[in-house]
Structure formats: C-alpha cells, structure tokens
Amino acid sequence: MAVLGLLHESPLHGYELRKRLNLLLGWTRLLSYGSLYPALKRMLRAGVITEVTNPASVSMRQRITYQITDKGREEFATEVTDDGPSTWEDESFNMRFAFFSRTSADVRLRILEGRRTRLQERLDRQRRAVGGDDRYLSELRRHAIESVEREVRWLTDLINAERNNDTRGPERSAGPVTPPKSTQLNTPAPTPAAETS
C-alpha cells in the first residue's frame, strides 16, 4: 500500500521512493534496496505500477521512474477502504494514517477506534504484569506504559475531532499530525518487504 500511495502522488525514481518509504515507515524499520526492488518487480508483474526509462547523458546511467497504473489506482482505492483489525496493528497503523487524507471519514474513525482499543488492551496487560523486575526492567515497563498512554490520549483527540467533523485535528496540535512512536514490548518486528505493496 505504501508504494502505491506514494506513487499515487507522483512518479518516483527508486532512490526517492526508498527515501520517502523510510520516512513513512519510521527509523526503526528502514527499508533496504534488497527489499524494495523485489517488491517493485512483483508490482510490475501484477500491473499495478509501470517503469519509464528516462534518457540520460552518455556518462550517466539511465534512471527508471516508477508510476502507478489505472489498475494500481483501483487497488489503492480498495486498500484505503480496509478498516479491519490488521489496520490497527503496529505493523500497519502508521502507514494507514499517512494516507488518511485519501480515506473516508467513517473508515478513518473505525481505524482510530480500533487502534485505541488495541492499545488499551496492551495497556491493561502491562498494568497487570507481575512486578519483581529489577530497577531497569521496571523503568522500561513504566516507559512503555507512559508511551502507550500518550498514544491513547492522542487517538482520543483524533477520534473526537473526526466525530466533530473537524479536519484540523486535535486542538493542541500546532503542526502536522504525526503518530507518536509507541514502545512495543513483545511485538515481533515486521518484515519491511511485506509492507511495501
């Protein structure tokens, strides 16, 4: 979805696409060329993107620009309507949030509410966790709880803004709205290649 979403905005070279994907996915999940280019090849075979070779001077290598096809636009339009449980998870929420401007209000609200519920469940588990940790594990647990509490408050502000049809976002937001980085305990790291389509 991330590749289609970025190419929906404009055609991009592989280098620029990787740079924007890494900004979108966050510093904890950097995407390598070894993951990106196989994903692009699969998308080319599926017909959702196409390559355009730009003429280059004799001394320069030709650069390939990737652009979304009509089929890719249709697939992206379908993907932004998905509001199922997978959209609430750590592996996909930030990516989905990045494309909320192309997502209908009712879908945005369901995703935000689902994400808040998921985090509230995580918070409840962390609070019930048995103590007895050493000082540093206790601090790590406290940090995780505070991070999740902060994200729950942020989500609540967004949900209230959506319900009030306020497209400016939470009142206390002075700049662009970006999801906070929640601390993820006992959550396996996602494979970046799976998120690029």
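Keep in mind that glycine also has a Cβ here, set from the backbone N, Cα and C atoms.
Copied over from TrEMBL, here are the features:
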- 180-197: compositional bias 'Polar residues' (COMPBIAS)
- 3-77: domain 'Transcription regulator PadR N-terminal' (DOMAIN)
- 161-197: region 'Disordered' (REGION)
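Across the domain 'Transcription regulator PadR N-terminal' (3-77), DSSP assigns 44 helix, 14 strand, 17 coil.
Residues belonging to the domain 'Transcription regulator PadR N-terminal' (3-77) score a mean pLDDT of 85 in the model.
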